[in-house]
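A short worksheet on the structure shown next.
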Amino acid sequence: MEDSLPLHVCHVNMLLLFINRTHTLLHSIALCFLIYYRASLFLQDPKTRTIPLLPWFTVFASELILSFIWILGQAYRWRPVSRIVFPERLPEDDKLPAIDVFICTTDPTKEPTVEVMNTVLSAMALDYPAEKLQVYLSDDGGSPITLHVMKEAWRFAKWWLHFCKKYSIETRCPKVYFSDSEKFAGDVVGSSEFIEDKQKIKEKYEYFKEGIMRVKEERKLIGDAPSLTASDHPCVIELIQENIKEEEKEGHVHLPLLVYVSREKRASHPHNFKAGALNVLHRVSSVISNSPYILVLDCDMVCNDPTSARQAMCFHLDSKISPSLAFVQFPQKFQNISKSDIYDSQLRSLFTVQWRGMDGLKGPVLSGTGFYMKREALCDRSIVKDTDLPELQKVFGSSNEFIKSLHPNHKAKLVTGGHELLKETQLLASCTYETGTKWGQEVGFLYDSVVEDFLTGFFLHCKGWTSVFCEPPRPHFLGSATINLNDSLIQGTRWSSGLFEVGLSKFCPLIYGPLRMSLLQSMCFAQLSYYPLYCLPLWCFAIIPQLCLVDGIPLYPKVSDPFFLVFVFLFVSALSQHLYEVLFLAGKSLQTWISEQRIWMIKSITCHLYGCLDAFMKKFGIRESSFLPTNKVEDDDQTVLYQMGKFDFRTSNMFLLPMLALLSINISSFLGGVYRMVAVGEWEELFIQAFLSAYIVIMNYSAGDKERQGQDFTISSSIIWYTCINHQFCILLGNKIMYKSSGVTFL
Ligand SMILES: O=c1ccn([C@@H]2O[C@H](COP(=O)(O)OP(=O)(O)O[C@H]3O[C@H](CO)[C@@H](O)[C@H](O)[C@H]3O)[C@@H](O)[C@H]2O)c(=O)[nH]1
Ligand SMILES: [Mn+2]
């Protein structure tokens, strides 16, 4: 490889760095004043002290927690970078390393088979030498339909890949291509051959989709319920290419190998969710193809740009960074994000601030999907050299074939291994294989948290591995985001629980981290892990100052007090940092800023709280881990609501009640407070508290303000609206009542 021309360059954003560090400094100084102000009350003579200690202390503690999370978050802003890659400088195709693609699916009712197959097809169509690409699908549901459909997908892939190559199609996920094909027509638009071919391939795709529907119907008729087999089924592994080879000899293109893996699952054995599935894929693939690199995809994450593999190789093949480089992470982007994105489904902050910032330290967190991992990073090869077989078996399990695959120059026997090999894979995918080994503890993806990606990434960084964030302008992977409140909150609860679980475990980033990585890096991991603790200050700020306001107890400095300015500064400074990042770093609108503020409040008081509780209960053995997969079925009704920026309050009371309760407290205390300020004349002392209530109400109010345009809902909601003060409150209440009483749709 030519050493003279770099495969990639990294650019430190100096202006942003300067702005961020200056802001951190100023904000920190203001925080010191705040702490001084709060602490000085404790030093006052108890006899002259007029303010009760308890609310003061609670608010102080909340401010400290908030500041703690804020300080941790500054590590992301320390050294943000961006990168450019030059894939055209990569070596010839025959010198490129092989890649195994791992796709996980688990529940055919929540993860529609058509979508899963689109992911499979888009991965097979990656712009990479076909003989160096193997696609593995892990089906945790053990569904015979999925296996059957995969064989059909393989047949369709022959046509599809040929079509993509012939016309250099950039969008290689059939669903995306056909849904918006005008955009992807390329320069051959006029050619009649192209039009004809496109029509043909479209028909084949439609036929393929109908085939899936047919199989599903047939299965339903036989009374085959997927849920019955999901948690208890034997292991099924099939190499699809091998089976169909004979009958499809006239194939146009060489196809990547396609492998179906459904690991053995028994109710008596923990299966460790996605991490467990990935570890099985890791082992099974090691005796089939053993590619040095692995691309991991969720079943709804299609490859939107076929060049991602080559882009990732620009880092993995750079001899300067590759020895320590564990993975190249691409951002998660989503196909279904609306303009206002009321639930922050795009995870804006994660991918525009946090990951870019960590990239400037030693690399971003592993994000579960859309990353190219070096196989070696998951299985420490260094111990293979001077350890004897029995010891190795204690770590990696009993399969000698697998242990052989760890040797650097080992060539997997691939398909030629035949029957013997397939037997070995059955062993590797059995539910007892990991018993007594180090899988999930030190080897492979780790099991100690339901956010296996975060924990595994952290663990790799602790071992000295690095990572890289690759963010080309055209999204390379596109997934489907949660677009209703219920799904968002359920997912949020799982994430909070998993993240906080890590914070409570032996892997606590603030203790385990600094001994093994830089302080700044540990701070980033700790910020993610303790982020769910936002629930404490947010619950407190939504209750204590409000109750004190009604009672006339001032908790903040009065307007003429110089410390008043400290609070104003901190409030404005925190909000403007957020606003700056939304407007300038992400190029989004003010609306996005409001949405993010609101969903942050909503999530903090609901899913962060439940997540923390869940983590505690798991810690003390009161609850078992669970992984409720996110619903990926498109619902037109919900899509319409989301696209219009309307909240869909059809969620459980567990989530609704805290929202309703806190909103009512704020509305009533604001009114009570204003009355008090006017009647008793304490406005100077109570100003901040009244402002806080108003702010909370206003930020949440806008959730429903578009509701009044059009729609039948207008009439019913406005009736309640006029009887209440706050529109938002009514929407919540109104919707719930309508939903409960008549079951009508939500508009
Ligand atoms: O027992 C299980 C549970 C899940 N999955 C798969 O894991 C993936 C992610 O699950 P999903 O329901 O989509 O969860 P999300 O919360 O949307 O996923 C995010 O969060 C997960 C950690 O909680 C990460 O693993 C994902 O990569 C990340 O996109 C999907 O492909 C599932 O099929 C399994 O294979 N087995
Ligand atoms: Mn998902």
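In case you wondered, yes, glycine gets a Cβ from its N, Cα and C as well.
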Among Asp45, Asp140, Asp180, Asp197, which residue shares the UDP-alpha-D-glucose site with Lys110, Glu111 according to TrEMBL? Asp140
Quick one: of the recorded positions Lys110, Asp140, Lys274, Asp453, flag those whose CB is under 6 Å from ligand 2, and say none if nothing qualifies. none
Residues of the same chain, at least six outside the transmembrane segment (531-550), with any C-beta under 8 angstroms of its C-beta? 55, 58-59, 61-63, 65-66, 69, 496-497, 499-500, 556, 600-601, 604-605, 608-609, 611-612, 615, 662, 665-666, 668-670, 672-673, 676, 686, 688-690, 692-693, 696
Provide the three-state secondary structure of Asp453 (active site) computed with DSSP. helix
Distance from Asp140 (active site) back to Lys274 (Mn(2+) binding site), taken between C-alpha atoms, in Å: 9
Among all protein chains shown, how many Cβ atoms are found within 10 Å of the Cβ of Lys274 (Mn(2+) binding site), not counting that one? 23
How many Å lie between the Cα of Asp298 (Mn(2+) binding site) and the Cα of Asp453 (active site)? 12
Neighbour count (Cβ, 10 Å) for Lys110 (UDP-alpha-D-glucose binding site): 16
